[in-house]
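Novice: Let me begin by handing over the structure; questions about it come next.
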Amino acid sequence: MLNFIYYPISWILGFWRDVLSLVMDPHSGYTWVLSIILLTMTIKALLVKPMITQLRSSRKMQELQPKMKEIRDKYKNDKTRQSQELQKFYKESGMNPLAGCLPMLAQIPVFIGLFHVLRMFNRTEERFGSPGLTVEENRNIPNYSFSVEDVQSFLDADVFGVPLSAFISMSEDAMQTFGADFTRFNIIVVAVPLVLTIATLTHLNARFTVGRQEARRAAGKTPQPTGDNAEMMQMQMGMMNKMMLWVMPAITLATGFIWTIGLLFYMLTNTIWTFVQTRIIYGKMDREEEAEEEAKREAKRSSAPAPAARKLNKQTKKQRKNQAQNQSQNPGQNNSQSQAQSKQHNKGKKK
């Protein structure tokens, strides 16, 4: 049903495995792990530009919240008109509210595809999408773009003595499919540290994002919610922040027992990439914002006249105006003053 996802994922994974096989043992578990890591990095690299668009869109959305609230309040009794005005405002502002969803939505099929492809290396259990094959049948049937030889290579490969398709909750019968000799305890020893690391990094990523939002709000760079619904909006933001900080890591911990070792390496790579990428992009955006603000301040300084020069020009103009008025109103008095000043000046010379 989702072969249009499964085949591309298996092809990219197989491509990196073939490349690494030029310098590494093609049947080694570490070759397969690095292939999964490079698959993850390939997908994340393709999503860098959409990710930047998402972060810029989120920042712009926060800055435009007061105007959006004004539109919602103005047309609160006419939802059709409200929607039209908001769409018009988005267009004029050059903002696409859906742009921020693309990176997240694009990763969902990748996750589903890799989860399914890795699970389908072991088809001995009867579950959704798995036919319940015998061990011999499973080892001799291709898995999407992977040949029979590739399937056998993957089943026999292991990392720290644990197959990449193994997971904590797998049945004892399913364990017999693999060439490696291992127990459930071995799976736990490898899987639990990976799950804990992923959950911790997920929390740290959320803490960085939430802390940044609060710092920008405190600095006045992000407007505070206002109006009748301000308190409710604050509560909603608080709930969302708590979900990011605690609920998502908790979900990772709670579901860790169903993820294969190979998928956990994908999740770990994805989380580390996000951890680094978010800080780099936000740092770049902060520098750009600071440069824009400095350019605005410089333009304002250069366009404003010097205070001293403005005062001097104003006084000179006033003096000239008063002098002209006095001359036109009292010509005789002005002549007498001029003669007196002239005599006084001549006396000073004689002395």
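One is the number of the first residue shown, and numbering goes on along the chain from there.
For all residues, glycine too, the Cβ spot is worked out from N, Cα and C.
Nobody curates TrEMBL annotations by hand; they come from automatic prediction.
Quick paste of what TrEMBL says about this protein:
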| type | residues | note |
| --- | --- | --- |
| COMPBIAS | 311-321 | compositional bias 'Basic residues' |
| COMPBIAS | 322-343 | compositional bias 'Low complexity' |
| DOMAIN | 32-282 | domain 'Membrane insertase YidC/Oxa/ALB C-terminal' |
| REGION | 292-351 | region 'Disordered' |
| TRANSMEM | 30-52 | transmembrane segment |
| TRANSMEM | 98-118 | transmembrane segment |
| TRANSMEM | 185-206 | transmembrane segment |
| TRANSMEM | 243-268 | transmembrane segment |
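I would like each feature placed in context: is it buried or exposed, what are its neighbours, and how far apart are things?
Specialist: If you look at the transmembrane segment (185-206), the same-chain residues 6 or more away from its ends with a CB under 8 A from one of its CBs are 159-162, 166-168, 170, 241, 244-246, 248-250, 252-253, 256-257, 259, 261, 264-265, 267-268, 271-272, 274-275, 278.
If one looks beyond the transmembrane segment (243-268) by at least 6 residues along the same chain, the residues whose Cβ comes under 8 Å of a Cβ in the stretch are 32-33, 36-37, 39-40, 111, 114-115, 118-119, 159, 162-169, 187, 190-192, 194-203, 206-207, 209-210.
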Novice: Averaged across the domain 'Membrane insertase YidC/Oxa/ALB C-terminal' (32-282), what pLDDT does the model get? Just tell me the whole number, please.
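Specialist: 85, rounded to a whole number.
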